[in-house]
Amino acid sequence: MKKHIALVPGDGIGPDIVREGVKVLSAVAEKFSHEFTTSSYAAGGVALDSVGIPLPEATLDGCKQSDGVLLGAVGGPKWDTLPSHLRPEKALLGLRGGMGLFCNLRPAILYKQLSDACPLKKEIIGDGLDIMVVRELTGGIYFGERGRTEDRAYDTMAYTVAEIERIVRKGFEIAQKRSRRLCSVDKANILNSSQLWREVVQRVQSDYPDVEVSHMYVDNAAMQLVRNPRQFDVVVTSNMFGDILSDEASQITGSIGMLPSASLAEDGFGMYEPIHGSAPDIAGKDLANPIATILSVAMMLRYSFSLSEEADAIERAVNSVLDDGYRTADIYTDGMKKVGTSEMGSLIARAL
Ligand code: NAD
Ligand code: IPM
Ligand code: MN
């Protein structure tokens, strides 16, 4: 199979981890006789520094023309005082909005080898954790009307029925392929947009009679994730709630450096990225965990290219390197073998 992949390394640890993702992608190409070509594009702080805007047209065009996008992360303290339309994070919203990537899948899986890195008690995590957060990605408060004067600022959380329905249906379809349990998370006790969200879930539900639906307020969901995460299977929620809950879920898996994501358009086109940020505190120090990015490559193969055997092979390679006791600093526990970003990537590529 021939595919062209757009790389958007971005800022901070972005280039460190995307490099490892590409290493594993090349190993897959060799093992399974595929041809994966790549082009790199600037977005975020690096684009601000080179051309003065966070998302150059050439980057969005290059991504649109590719078969899939692998992104690292954007942002950093250097650009934090810029006005909001010029911040690196705007590049991410521009890519997501510009390519219609409304469906963000964030699987939070606790690998059994990392149970010591999970901050919860053994009796709470039992024999593991496997939650799929389905996050709406091109609506809500991130994309609503906003404004700022000297002494007042506002952001608007708005959703249309159509926006809610298409993500909620994704949640139901994914639940049908898993445990047939779907938890919709909202703040319907206070927000109009959440009340509409809940109404849509309740209406659409009759098309999926085999799926058991529950509703939970987001504050309770944040608490329940720590109290009893195993009650969750598929969680469907809005843009900002999904952002927050997925970071929380990631720590239960040992580290935010473990969580990949797929951001999908209606036609299956996707951008793939770890859920974490540019981690300026560890950038360029060979300390970042590249596994979230490597697992994002696996998601690209599975969701955009239908190469499930290849995706399985990457996941098996990650498992075997963890079995062998190799750990980056963020998931290190006593008695394990500490390795850096680049060695972890090489070990996984070799284990393929
Ligand atoms: P962050 O996710 O970058 O870092 C939070 C903490 O997790 C830090 O201590 C960091 O060192 C650690 N961490 C993150 N990824 C890691 C990895 N792969 N391996 C080991 N440790 C890891 O979040 P933040 O500090 O809130 O944000 C930093 C910058 O990144 C900000 O500019 C923010 O806007 C941006 N950001 C970008 C994205 C993205 O591009 N998708 C996501 C989140 C934050
Ligand atoms: C993420 C990030 C982004 C988000 C920011 C950087 C815009 O936190 O991908 O999770 O909030 O979606
Ligand atoms: Mn986030």
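Even glycines carry a Cβ here, placed using N, Cα and C.
Positions annotated as domain 'Isopropylmalate dehydrogenase-like' by TrEMBL: 4-348. The average pLDDT the prediction assigns to the domain 'Isopropylmalate dehydrogenase-like' (4-348) is 98.
Annotation comment: TrEMBL describes 76-89, 277-289 as NAD(+) binding site. In this structure, Gly76 (NAD(+) binding site) belongs to neither helix nor strand by DSSP; it is coil. If you draw a 10 Å sphere around the CB of Gly76 (NAD(+) binding site), it holds 21 other CB atoms from the protein chains shown.
Annotation comment: TrEMBL describes Tyr142 (among others) as site 'Important for catalysis'. Classification of Tyr142 (site 'Important for catalysis') by DSSP places it within a helix.
Among the features that TrEMBL reports, site 'Important for catalysis' is placed at Lys187 (among others). Secondary structure at Lys187 (site 'Important for catalysis'), taken from DSSP and collapsed to helix, strand or coil, is coil.
Cβ-based neighbour count (10 Å, all protein chains) for Asp219 (Mg(2+) binding site) stands at 12. Under the heading Mg(2+) binding site, TrEMBL lists Asp219, Asp243, Asp247.
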C-alpha spacing of Ala279 (NAD(+) binding site) relative to Tyr142 (site 'Important for catalysis'), in angstrom: 21
Ala283 (NAD(+) binding site) to Asp247 (Mg(2+) binding site) - Cα separation in whole Å: 19
Lowest local Cβ density among Ser84, Pro88, Lys187, Asp243, Ala279, which the record lists as recorded positions, within 10 Å: Ser84
Sorted by sequence, non-Asp219, Asp243, Asp247 residues with Cβ within 8 Å of centre, Mg(2+): Val218, Ala222, Met240, Phe241, Gly242, Ile244, Leu245, Ser246, Glu248
Cβ contacts of Asp247 (Mg(2+) binding site) (under 8 Å, same chain, 6 or more positions away): Ile256, Ile275, His276
Proximal residue to Asp219 (Mg(2+) binding site) among recorded positions Asp80, Ser84, Pro88, Lys187, Leu287 (C-alpha distance): Lys187
Pairwise Cα distance for Asp80 (NAD(+) binding site)/Lys187 (site 'Important for catalysis') [Å, integer]: 30
